[in-house]
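In TrEMBL this protein carries:
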type     : residues : note
TRANSMEM : 12-34    : transmembrane segment
TRANSMEM : 46-67    : transmembrane segment
TRANSMEM : 104-124  : transmembrane segment
TRANSMEM : 165-183  : transmembrane segment
TRANSMEM : 241-263  : transmembrane segment
TRANSMEM : 283-305  : transmembrane segment
TRANSMEM : 337-357  : transmembrane segment
TRANSMEM : 363-383  : transmembrane segment
TRANSMEM : 395-415  : transmembrane segment
TRANSMEM : 421-442  : transmembrane segment
């Protein structure tokens, strides 16, 4: 069979598209909406807050490089899931999958609702937008993302590039405007930086909390492992993308925060729920209507690629036998259509039943637990399989740094404000055993589902993908 006509996930992401993908995933709503968390926990100490942002950039870089080793050593899409299965066995991998099937759609639903709110709120300047049109718009955006994901990744390339340019342009406008105001040298704009460290100095617990706030804003650096099987020459592409995207985002984030502090006082920033909009009202009021729509358009790609990321996990789970084989199928566009439909349907349910969002978002802190386990897996594999072919090895202290920051993100909330919902989350996690034991461990076959699988294959025109050369190599590494 001609290689170009094989039904398999194609390696469409080179250096530029990989860098763009990483930038899109890191630059989310946080820097536009509420960068006030770092300033608040820094006790409005301007100099310290900027130092915290720089520290968070370094922490983000170390974490991204840790995941880079995984994506390069195991060039699968969904490499982080496969890595957990290899290091800790099928049970841990299944519980990771079980968490993702609920936590992922919850995050996607929250993003869709946020996008809808930013798009529709300008039409209701004096009150909150009604819930019904907001939900309808969120569902429309979500299903449009599903349609795009059911097509070839290459067909969404134009949206990826437009979104990257739009995000960088918005942050660039805010940054350059702030620099211009500083260069003008007006007293009210400059005085906050002349004695930047004179404000009250926070205690160590507040500094740690500020770092957590900033670290969350830089999250997304690990997402290249989700599409490692679709990257061209991942051993070269992943490090190059990381060392391009994260420094660029760091410079933009620092300049944007400087611009916010140039135009607005620290108290004004803390009192604002959408700092970018407040900044626009003060600096360029003519763009007050344009900025929310520009932010919505740029964040649409986050929704698109979050769906793409999650579908790669369910796709490889089907390949590894932890989900029905139906999820390891591709359509004629080499897209995991069944996985896309599952994720979009689950997220749509959450949008309709928005009271579930808070419950599902409580699962979000589980991401830090899985990150800690992943770092432990890197150390475990280094010890148990020292001769495993690794084109790239992360500097081991980076794994300890990433482990420490994520362990803190788990333990500090538990110690400072213990709540019953953390117990519920762990009970939910363990409930995955009810499905793992009969369906995966004992391989219980459901005759009716096998018949339905054949019917759905015909209905959606999907088939089992052809085996790629890279998958053969990874299978060799397993044995």
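The backbone N, Cα and C atoms fix where each Cβ goes, and this holds for glycine too.
Because TrEMBL annotations are produced automatically, they should be read as predictions rather than curated entries.
Worth saying up front: this structure is predicted, and the values here are computed from it rather than measured.
Long-range contacts of the transmembrane segment (46-67) within the same chain, counting only residues at least 6 positions beyond its ends with a Cβ under 8 Å from a Cβ of the stretch, are 26, 38-39, 80, 192-193, 196-197, 199, 201-202, 207, 210-211, 214-215, 217-219, 221-222, 224-225, 239, 242, 246-247, 249-250, 253-254, 257-258, 261, 266, 371, 374-375, 378, 394-395, 398-399, 401-402, 405. In this chain, the transmembrane segment (363-383) lies close to the transmembrane segment (421-442): three or more C-beta pairs between them fall below 8 angstroms, excluding pairs fewer than 6 positions apart. Between the transmembrane segment (12-34) and the stretches 104-124, 165-183, 241-263, 395-415, Cβ pairs under 8 Å are most numerous for 241-263.
Beyond the transmembrane segment (165-183), the same-chain residues lying 6 or more positions past its ends with a Cβ under 8 Å from any Cβ of the stretch are 23-24, 27, 31-32, 189-190, 193, 248, 252-253, 255-256, 258-263, 276, 279, 283-284, 291, 294-295, 297-298.
For the transmembrane segment (283-305), same-chain residues at least 6 beyond its ends with a Cβ under 8 Å from one of its own Cβ atoms are 21, 24-25, 27-29, 32, 108, 111-112, 114-115, 118-119, 121-122, 141-142, 145, 148-149, 156, 159-160, 163-164, 166-167, 170, 177, 181, 223, 263, 276-277. For the transmembrane segment (241-263), the list of distant contacts is 15, 18-19, 21-23, 26-27, 31, 35, 38, 46, 49-50, 53-54, 57, 60-61, 64-65, 68, 168, 171-172, 174-175, 177-179, 181-182, 189, 192-193, 217-218, 221, 224, 269, 275, 279, 282-283: same-chain residues at least six beyond its ends, Cβ to Cβ under 8 Å.
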